[in-house]
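Some features that TrEMBL has for this protein:
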- 136-210: domain 'Cation-transporting P-type ATPase N-terminal' (DOMAIN)
- 1-32: region 'Disordered' (REGION)
- 193-210: transmembrane segment (TRANSMEM)
- 222-241: transmembrane segment (TRANSMEM)
- 372-396: transmembrane segment (TRANSMEM)
- 426-452: transmembrane segment (TRANSMEM)
- 928-948: transmembrane segment (TRANSMEM)
- 996-1016: transmembrane segment (TRANSMEM)
- 1028-1049: transmembrane segment (TRANSMEM)
Amino acid sequence: MSHDLENGASSAPAAEDDGDWPADPNFSDPFDIGNTKNASHVLLKRWRQAALVLNASRRFRYTLDLRKEEEQEKRRRMIRAHAQVIRAALLFKLAGQRAIVLGTTVAPPSPNGDYGIGLEQLASMNRDHNLSALQQYGGVSGLSNMLKTDPETGIYGHEDELLKRRNTFGSNTYPVKKGRTFLMFLWEAWQDLTLIILIIAAVASLALGIKTKGLEEGWYDGGSITFAVLLVIFVTAISDYRQSLQFQNLNAEKRYIQLEVIRGGRRDKVSIYDIVVGDVVPLKIGDQVPADGILMNGHSLAIDESSMTGESKIVHKDHKAPFLMSGCKVADGAGTMLVTGVGINTEWGLLMASISEDNGEETPLQVRLNGVATFIGTVGLSVALLVLVVLLSRFFTGTSRNADGSVQFVRGTTSIGKTVDGVIRIITTAVTIVVVAVPEGLPLAVTLTLAFSMKKMMADKALVRRLSACETMGSATTICSDKTGTLTLNQMTVVEAYVGPKKIDPPEDGSQLRATVSSLLDEGIVQNTAGSVFLSKDGELEISGSPTEKAILQWGVKLGMKFDVVKSESIVLHVSPFNSTKKRGGVALRGRTESKVHIHWKGAAEIILSSCSQYIDVNGSLQSMDKDKDFFKDAIDDMASRSLRCVAIAYRTCETDEVPTDVEQLAQWTLPDDDLMLLAIVGIKDPCRPGVKDAVRLCTHAGVKVRMVTGDNIQTAKAIALECGILSPDADTNEPYVIEGKKFRELSDKEREQVVQKISVMGRSSPTDKLLLVQTLRKLGEVVAVTGDGTNDAPALHEADIGLSMGIQGTEVAKESSDIIILDDNFASVVKVVRWGRSVYANIQKFIQFQLTVNVAALVINVVAAVSAGDVPLTTVQLLWVNLIMDTLGALALATEPPTDHLMDRTPVGRREPLVTNIMWRNLIVQAVYQIAVLLVLNFCGISILNLENDDRAHAYMVKNTVIFNAFVFCQVFNEFNARKPEEINVFTGVTKNHLFVGIVGATCVLQIIIINFLGKFTSTVRLNFQLWVVCVVIGIISWPLAVVGKFIPVPKTPLAKVFIRPYQRCIAARNARHSD
């Protein structure tokens, strides 16, 4: 017996999911799109054309609007081109002016309130990148004075000052297009072709009824259909509107960016919307430029301006090209900017205000469900057509009879009004069958469950940026996880330190070091960092920077380092910023009193050590490295084996004449990194996150392999992997199970494919190695999730099936390339995303099982009754009510089931595993056969079974049909419980926790009682006595024990979907051929 559906039918590995599906070389299923993440527009157009759709505006609401996408791209290009034309014209004009007169003049700044320059002049300078204007205003320092900004400490940041700056220069916001109103959703729900036909039929029926029976009695038939249709429209619109509000809230979360600013000499984290003109903003690799501004100072600052110019060219910024554009990303280096333009006064603001936020993006499951809906809809249309033909032919041949036994149509006798009324009734019945048969709500159920899941996932610390990722995560077969901050706490502290061969114990005891050594160490720590030490508002010492930087700065402070004093004693000449490829960073500086230049390096211990030829001991003596190199290597390995991150600090001297004097040459200067003198090696402890071991075990149990990919030393990686449970204590830790990135990179493509499945830990990996690992795994059919936080991780995050960026340590570039942001940087949250992904798939399957049961039962009952008796037991209004229970309320009840632990008891769902599994077919057939059998028996023998022979014939007929309708509804109500747990015997587990489910089932029962007892005129029903109510409920409740018995019926392993695939392929191929013609 397979696992349960929620536990899932056990799936083959991803590489084999195509199984032995019948191959048809002439057939390409337009609904089979394995991954919509980077799907081409051609593929997306194909499935839209192939889908059978009754209400396009509703069906395609949450899919990508291809036409709008093209229009927005045109608008983006137009705004970019417009800005470039203005700049080009200005440069041309300036070049001409320079040819005539040396230098150009710019209108002097006009004061604006308390500030020495106005908004228009700032906007003009930013827009035109006008360097002459900047020089005319006195450069960065002159502009800072005009804006009342201190270049070192920034603005004060008091509320009054911020308000004044916003009033003068604008706020850093742009108008966001409002979401659609409820009336627009009403209008969309109204667009359904079948509902329009029903309304027309209802109006005609209303007019005829009033004409023949008078106003008091004649409006019931037409009025009841109109009311039922309006109810469907309103309920649909309310459900859709609530979904749209959830998406609007999520969009607001996606736009929320926090960044550092310098205010009052302190580094404060503020929202991007709180930035004002005059703010001083430090920029580092991976940041988004939050507003237009001028570069104040920077080192190797490179900006990716593709979001604004459309060209993927990295632009280097310096004093000759100091203009920074809002919305661009920092590709390399670091710097500080002065904000000169915000919000709508920037090109980015104009661009964002002109394009609407769009949720358009289909998911693979949504596309597949459109295929299912098309298949069911085609069958439903055929059945409806058959019913229409049969009923019309029986009506006009005089074999259709009324409830009292009289013939409905006699040629030459029946009036035109009655004939038209009879025909309208037949048409409305056939159209209603289409409404029930074509599951318009099926693809939207994915959106509903995703919207519900996304809201709940926010509470589980995961922000979904791309809908399809939430669903794809359910199929993930491997997770390539970072170590730092994801598997560990990212709370780093220096716990071991070596100066020369001497171990400093405790590591913060500065008294063991000579003044010369302390001085060099302090200089290397203070100047070679992107972090900072400052006093907080409370007067406490505060440290900013990355966790590693903070740990080393904290250690320096404990040794007695005075950050501001050391910073003021030397001048920084050039910086080589740290990045994850080089794994080290350097700085060249000259003391204010010395002529010699010091070059300090800091980075991965073994990399720095390999560049050292000497070391300085605790006494300040210079020693040769030759005899002690092995000692240092052993010390590094020992610390790494105890899961410590090892960082080395070294320096060298350089003669002044070796340093370029020209500014441009200095910017291009490569810092010497050979012949270094080792100052210290520190071991930094970053404890494992509590709960990570359990999370990794849960993933392994669920068939998801966790791989650690880290830039750290291979020994550190191995130690942490053992601590986290990625490697078991008895696991093989040789290659290729534990491998260095460099070695993996050097393998041939074929060799990589052979070893990649075995890899559990990759140490000393670069972002390129991570990308290679992802590409190789995906080539072998794995569904890969990748975590990343750095700018260089962006390619791997983009390439992976699911990119997971970190909310705390992640850069804006990484977040933008990812599909899901893990808000607390915790691996346990990644595992929760897997559960939610599987929950989405399981919930959709529950809803499909429930809906197909209703479809099959309603269709068969009406067809058999129409063909044999010439009338249908379920009327238009009754079928519309059943459709409402099934489509909207059923989706709400089943699509919002919270995930259970059982979801992690199965292997991942294969991408091409059939949506309707054999377990579902079994459950569906058992229930549908039971409902059809009982209700058809009631239809043909109901009068005698229910002891109604002595009643008036018309009344007995109405009672029988009311019992059929009532029993049918209760069958669906009780079957809704069965759908919750398609394979478990106990279908009530956790039912009380799902308040929405209980509420919907309860509301359905109450409404059904009201319909039968008080709305008989509308629904063509009569009141039932207590005994008949018991009969109806018993018929419904039998579905529970029946479901239990059904679950003991074994199912074949071969998917039943294979039986239907041939005719379905032919049908789709024929539709495609028609469209291509």
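Keep in mind that glycine also has a Cβ here, set from the backbone N, Cα and C atoms.
Count of Cβ pairs under 8 Å against the transmembrane segment (928-948): among 222-241, 996-1016, 1028-1049, the largest is for 1028-1049. Averaged across the domain 'Cation-transporting P-type ATPase N-terminal' (136-210), the predicted model reaches a pLDDT of 84. Across the range of the domain 'Cation-transporting P-type ATPase N-terminal' (136-210), the DSSP-based residue counts are 47 helix, 3 strand, 25 coil. Here the transmembrane segment (996-1016) has long-range neighbours at 881, 885, 889, 892-894, 896-897, 962, 966, 969-970, 973, 976-977, 980, 1022-1024, meaning same-chain residues at least 6 beyond its ends whose C-beta is under 8 angstroms from one of its own.
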